[in-house]
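Chemist: I have a structure here, written as structure tokens, and I will follow up with some questions on it.
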């Protein structure tokens, strides 16, 4: 229980589950809503059109009793039984079939264009609900961790996350999915703020903390990595509930792990009073670091609801491909966080973040150039790697800035870091769907790509932030 590595394992597993649940819905929700609402509505209309048809099939026999072999052709024959007439009858009957059977091939892309355009907005709001709720809850969790410690909030996060996962498994309507997603935001807030704050308090050395944060963010990356492909494959071949039931089982294992290691019944408030949230929010260096986290993650947040629908419209992609498109981003993010958790401290975290944001922008500009799923490998891979560079640099910098300029209590500063992360995932999907509907997917990528490139130079200010003592000496 005194082992720092076991604490790291608990935080790693909590972030893994949170982010698996975050991304497992990405390929499922657009296709599930399309199947249940658009195709469901069409299939309920179809019987009313096909029911009048049987009388037409029954009517011909009195008129063609000697030509009973033509009944199946559903065509009225008047007169002779010549081979020419028979050929005409079959030819006139045949053209009725191709229009019904041939459009579905291209219409897998084009059918329901208006529905898909509206769905961009609805799916965007559904995905954003988690981050919006998390945004509201985070400051309260930051204050709570200062008063009762990190262990109990971590366990509360697990309980709420488990309930959200079970609700996702059995929700069949947009409203219930929306509630489950919002509930996840509350659980995620408890898990991530308490988890990162706990790590920062256990790993006091700046270099060790950087490495630990890199490993913990590897859990986040692994969740993102497994989530979307796992969700799309399970949904395609097993059913909607299956991926969520697997996650619910893993969440129970995480809860058991927390009970064994963290003893969440024990209240352990911080010995010193932390810097107020309002003071931290006025610190320009903390705001620059928070902005880097927000804008770099906003890029992938905008892709989550819009890329699957864009692929359905332009590439005719099957369900399993909608999740697989995010696989390169997830693998490269996993590599980026683990690699730069160590390298960022040597090359300068500010430089690592600056380069990362520039690469994020360039990668986003390249996404609309893809013509098929293979064309997305390069841009999405670059995007994941670059976001890994930014996250693994900025998370330790948040703890370092508090040590350097404020009191070394980390609940509030990681609440700010999580708020920044959530703002990206709230603003991104909510505005992304509306922008796609208004001006199209390529323009959305240009807007967020240019924003990242323009913000990157601000990371230079984190090169050598002044300490509190230095400020006093200058005054």
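Keep in mind that glycine also has a Cβ here, set from the backbone N, Cα and C atoms.
Dumping what TrEMBL says about this protein:
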type	residues	note
DOMAIN	7-467	domain 'Major facilitator superfamily (MFS) profile'
REGION	88-107	region 'Disordered'
COMPBIAS	96-106	compositional bias 'Pro residues'
TRANSMEM	156-180	transmembrane segment
TRANSMEM	186-203	transmembrane segment
TRANSMEM	215-238	transmembrane segment
TRANSMEM	244-264	transmembrane segment
TRANSMEM	285-303	transmembrane segment
TRANSMEM	323-343	transmembrane segment
TRANSMEM	350-370	transmembrane segment
TRANSMEM	382-402	transmembrane segment
TRANSMEM	414-435	transmembrane segment
TRANSMEM	441-462	transmembrane segment
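How buried are the listed features, and what sits near them?
Modeler: With a threshold of 8 Å between CB atoms, the same-chain residues lying at least 6 positions outside the transmembrane segment (186-203) that come near it are 4, 7-8, 10-11, 14-15, 18, 22, 130, 133-134, 137-138, 141-142, 145, 150-151, 153-154, 156-161, 163-164, 209, 211-213, 216, 395, 399, 409-411, 414-415, 417-418, 421.
Counting same-chain residues at least six beyond the ends of the transmembrane segment (350-370), those with a Cβ under 8 angstroms from any Cβ of the stretch are 292, 295-296, 299, 303, 307, 336, 340, 343-344, 376, 378-380, 382-383, 385-390, 392-394, 397, 441-442, 445-446, 448-453, 455-457, 459-463.
Tertiary neighbourhood of the transmembrane segment (382-402): same-chain residues 196, 200, 206, 209-210, 213-214, 217, 220-221, 275, 280, 283, 285-286, 289-290, 292-293, 296-297, 299-300, 303, 328-341, 344-345, 349-350, 352-353, 355-360, 362-364, 366-367, 408-410, 413-414, 416-417, 462, 465, selected by CB-CB distance under 8 Å and a gap of 6+ residues from either end.
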Chemist: Counting CB pairs under 8 Å, which listed stretch among 215-238, 244-264, 323-343, 441-462 touches the transmembrane segment (156-180) the most?
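Modeler: Per the Cβ count, the answer is 244-264.
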Chemist: Under 8 Å between C-beta atoms and at least six residues away from its ends: which parts of the chain pack against the transmembrane segment (323-343)?
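Modeler: Same-chain contacts beyond the ends: 23, 26-27, 210-211, 213-215, 217-218, 220-222, 224-233, 300, 303-304, 307-308, 311, 317, 352, 356, 373, 376-378, 380-389, 391-393.
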Chemist: By a Cβ-Cβ criterion of under 8 Å, what residues six or more beyond either terminus of the transmembrane segment (441-462) are in contact with it?
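Modeler: Same-chain contacts beyond the ends: 284-285, 288-289, 291-292, 295-296, 298-299, 302, 306-307, 310, 349-351, 353-355, 357-358, 360-365, 367-368, 397, 428, 432, 435.
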Chemist: Which bits of the chain, at least 6 residues beyond where the transmembrane segment (244-264) starts or stops, bring a Cβ under 8 A of a Cβ in it?
Modeler: 1, 6-7, 9-10, 13-14, 17, 20-21, 24, 151-152, 154-155, 158-159, 161-162, 165-166, 168-169, 234
Chemist: Across the whole of the domain 'Major facilitator superfamily (MFS) profile' (7-467), what does the mean pLDDT come to? Round it, please.
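Modeler: Taking every residue in the domain 'Major facilitator superfamily (MFS) profile' (7-467) and averaging pLDDT yields 77.
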Chemist: Counting only residues 6 or more past its boundaries, what in the same chain has a CB within less than 8 Å of a CB in the transmembrane segment (414-435)?
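Modeler: Answer is 120-128, 130-132, 134-135, 138-139, 141-142, 185, 189, 192-193, 196-197, 200, 277, 280-281, 286, 289-291, 293-306, 394-395, 398-399, 443-444, 447-448.
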